[in-house]
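These features come from TrEMBL:
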type: BINDING; residues: 139-146, 221-225, 285-288; note: GTP binding site
type: COMPBIAS; residues: 23-35; note: compositional bias 'Low complexity'
type: DOMAIN; residues: 306-319; note: domain 'SRP54-type proteins GTP-binding'
type: REGION; residues: 1-35; note: region 'Disordered'
Ligand SMILES: Nc1nc2c(ncn2[C@@H]2O[C@H](COP(=O)(O)OP(=O)(O)OP(=O)(O)O)[C@@H](O)[C@H]2O)c(=O)[nH]1
């Protein structure tokens, strides 16, 4: 059977295919607190973008020193060297093509380009054919993978889904215990076996359990040992095959959890994976504990897959669906 996740390239290059300003408005629910409050976790990153926005806005003439300052700020916020250089080139081109004269125009163009880089908001994909949706999650130890799985389960449950977790990261006993603990906390069943058991067998059990109990979302915690890429790939292939025996159009998501505080190094490793296993999305964690929230731009640019969620704290409710347009607006909003 055709394996949907292997041999695929990451999605299209966002720079090529997402024209400026082409970002869908983020879904809103009427009950959401105001943006300043919802994005207050951005604190230190916001300070950098605020300062940058003011500097650009107040500039009378567009000089080299403005570009230098822009570069320095974007690098300081961890937008990353290649995305930063691309952005500056793009802005310089637009300044010339569109005859921009003022800092205000450059600031507006910067915001448009940043939004375009992030693409449209992208929510979780659910199966259209099967009653069960299967989400695989990978990520290195310490990235916040387990916490993010629990946060997703909590969120989905609140939205009315019946969720189950599978502890298929069987490499470390602590990982299984930790998922079990989180499962108890968010009141979601966790299917697990002994440490070092076959992850495929855990997934098999979980699929059976999910179907017999009528769950509609199964989140699978898979290993994230990036240094053993071959093993992880083989493991994912095997898990994929098992899933497709139960749910032919699954798995529906393959998400990688990336820690924002680890920055550009993590991105290098993630890129290799994105190319080889065809990620469908990313969760960026610990956006609240870094001044480097600009990392989101590097992730979207480099990996070419949507950012589905961002982690905004350690509590179970601290997971936010990523809203590209609101995110950029919040970065520049005056504090
Ligand atoms: N501030 C903050 N901390 C987070 C966030 N997400 C996870 N953490 C913390 O990061 C630490 C690691 O999270 P885990 O979920 O245990 O990470 P893991 O990837 O499962 O790693 P292992 O436990 O080593 O397998 C924990 O202390 C979490 O509370 C976040 O969005 N913000």
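Just so it is clear, glycine is given a Cβ too, placed from its N, Cα and C backbone atoms.
TrEMBL feature annotations superimposed on the structure.
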residue	record	DSSP class
139	GTP binding site	coil
145	GTP binding site	helix
222	GTP binding site	coil
287	GTP binding site	helix
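Ranked by Cβ neighbours within 10 A across all protein chains shown, the binding-site residues 139, 142 are led by 139. Taking H, G and I as helix, E and B as strand and the rest as coil, DSSP gives the domain 'SRP54-type proteins GTP-binding' (306-319) the counts 0 helix, 6 strand, 8 coil.
Applying an 8 A CB threshold to same-chain residues 6+ apart, the list for residue 287 (GTP binding site) reads 41, 42, 45, 260, 293, 296, 310, 311, 312. Long-range C-beta contacts of residue 222 (GTP binding site), restricted to its own chain and to partners at least six residues apart, with a cutoff below 8 Å, comprise 136, 137, 138, 168, 169, 199, 232, 235, 236, 239. When other Cβ atoms within 10 Å of the Cβ of residue 145 (GTP binding site) are tallied across all protein chains shown, the result is 28.
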